[in-house]
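**Q** Can you keep this structure in mind? I'll have questions shortly.
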Amino acid sequence: MSSILIALGLTLFAGMATGIGSAIAFFAKKQNYRFLSVATGFSAGVMLYVAFVEILAKGATALARAYGEIPGAWINAAAFFGGILLIGVIDNLIPSAENPHEVPSETQMADFRDACTLSDTGAADCDDAGRKAKLLRMGLFTALAIGIHNFPEGLATFLAALSDPALGVAIALAIALHNIPEGISVSVPIFYATGNKTKAFAWSLVSGMAEPVGALLGYLGLLFFFGNPAGGMPPQIMGILFAGVAGIMVYISVDELLPTSRAYGRGHDSILGMVAGMAVMAASLLMMK
């Protein structure tokens with residue numbers, strides 16, 4: 001039971017990072033978002049390294065044990081691309097305006113500020129009611145879209161932590177970092193539509209709570225089909241899940257994190273953050289052996 005609580009706790013930590021993004025949007029200097037470039041690049045490096053070096057390898061080992069080396073390798077590859085296909089379908093079902101992979105740039109956030117002026121108390125004031133409603137709709141639909149995306153991410157963190165708590169910590173940290181700009185994409189339009197920082201912060205936090213909900217539903221599913229997940233699952237199921245999770249993480253890194261990092265950074269901020277993330281993850285995995 002303790003391993004299950006740790007796994008659920010890590011997904012809760014990762015999900016709450018959307019609230020950190022919301023706070024940054026309100027209190028950080030609006031003209032300097034380079035820290036987001038490095039942070040999201042770092043997160044991409046961690047997730048790519050873990051996906052290819054650790055999680056995909058775990059899937060291959062489990063499937064080879066269940067089906068033999070050659071059939072297991074084919075099933076591992078199929079499950080990997082199945083994970084990419086799954087998150088890709090989810091991604092493309094969501095309109096780009098509300099898609100969390102389309103994080104608002106500095107220019108877009110400047111447009112929000114131009115659309116709604118700030119009073120001396122820091123509250124937003126929109127003269128155009130239609131524009132205000134559009135901003136609110138954008139923020140709320142973005143929160144919903146992030147919630148949908150966070151379900152498989154929560155399951156990925158949960159499964160990794162259940163198998164290896166140290167690996168789960170690394171993945172939770174990477175997902176938490178990539179949830180920060182998603183929190184910004186929810187809170188900024190809601191704040192400039194309502195003038196209420198508390199409401200904007202609350203919605204960004206709620207969107208991240210889909211992460212532990214996804215983990216909890218995954219746990220209940222495993223409990224229903226396999227009894228006690230902490231006691232171990234059949235290797236063929238664990239292998240397919242790990243390979244699929246690796247595919248999901250690679251898609252998120254390439255489609256979301258790296259483009260976001262490039263959009264916010266200058267020069268080589270993005271690649272430096274990514275390499276640093278890979279190096280830290282490599283050192284962590286080596287020290288844990």
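From the backbone N, Cα and C atoms, a Cβ is placed for every residue, glycine too.
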**Q** So which range, 139-161, 162-184, gets flagged transmembrane segment in Swiss-Prot?
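**A** My reading of Swiss-Prot: the transmembrane segment range is 139-161.
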**Q** Quick one: find which recorded stretch in 4-24, 35-55, 70-90, 206-226, 232-252 has the most Cβ pairs under 8 Å with the transmembrane segment (268-288).
**A** 35-55
**Q** Can you find at least 3 Cβ pairs under 8 Å between the transmembrane segment (4-24) and the transmembrane segment (206-226), where each pair is 6 or more residues apart in sequence?
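**A** Yes, these stretches are in contact.
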**Q** 10 Å Cβ neighbour count around ASN179 (Fe(2+) binding site)?
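**A** Result for ASN179 (Fe(2+) binding site): 28 neighbouring Cβ atoms inside 10 Å.
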**Q** Give the one range among 35-55, 70-90, 206-226 whose Cβ atoms make the most pairs under 8 Å with those of the transmembrane segment (232-252).
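**A** So the stretch in question is 70-90.
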**Q** Could you list the residues of the same chain, at least six apart in sequence, whose Cβ is under 8 A from the Cβ of GLU211 (Fe(2+) binding site)?
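**A** Counting only residues 6 or more apart in sequence, the Cβ neighbours of GLU211 (Fe(2+) binding site) under 8 Å are THR11, LEU12, ALA14, GLY15, ASN150, PHE151, GLU153, GLY154, THR157, ILE175, ASN179.
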**Q** Report the same-chain neighbours of HIS178 (Zn(2+) binding site): residues 6+ apart in sequence with Cβ closer than 8 Å to its Cβ, ordered by sequence.
**A** THR40, SER43, ALA44, MET47, ILE252, GLU256, LEU257, THR260
